[in-house]
Amino acid sequence: MWGSGELLVAWFLVLAADGTTEHVYRPSRRVCTVGISGGSISETFVQRVYQPYLTTCDGHRACSTYRTIYRTAYRRSPGVTPARPRYACCPGWKRTSGLPGACGAAICQPPCGNGGSCIRPGHCRCPVGWQGDTCQTDVDECSTGEASCPQ
């Protein structure tokens, strides 16, 4: 069958032929669909504006004329864009890189203390000597009998 190297090359070829990575990312354990985008979109265009202004004519009289200026304007696109899902990290997760499907970092609120690390939303892994929801409690090793405590 196919080895991991060949599968990786095939995946990159699919991306190169398509030019997009949107089909790679889909709802999963950490990536959620947040809505469907589609419908009309806003587009910019150059709008010609005739602006009246006063100038001096022959014989030092004031004359009124127009000059043409251009400005950027906005309008709704007459066409409809194809609907496609939009993705974001599910609650409790945040992005670990610029890729839309890379939601690998858990969020703990309040944050883990005393060198603890957030392993999944709301759950801390505490270093030795600390315990509690946010690693806030110092463990008394003498009372547990795990350490010799001559003092």
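Note that Cβ sites are derived from N, Cα and C of the backbone, with glycine treated the same way.
TrEMBL labels come from automatic prediction, so no person has curated them.
According to TrEMBL, the disulfide bond annotation covers Cys108-Cys118, Cys126-Cys135. Annotation source TrEMBL lists domain 'EMI' at 28-105. According to TrEMBL, the domain 'EGF-like' annotation covers 104-136. Under the heading signal peptide, TrEMBL lists 1-21.
Across the fold, the C-alpha of Cys126 (disulfide bond) and the C-alpha of Cys108 (disulfide bond) stand 13 Å from each other.
Cys135 (disulfide bond): 21 other CB atoms within 10 A of its CB, across all protein chains.
Taking Cβ-Cβ distances under 8 Å and a sequence separation of 6 or more, the neighbours of Cys118 (disulfide bond) in its chain are Ala105, Ala106, Ile107, Cys108, Pro111, Cys112, Cys124, Arg125.
Of all Cβ atoms in the shown protein chains, 20 besides its own fall within 10 Å of the Cβ of Cys108 (disulfide bond).
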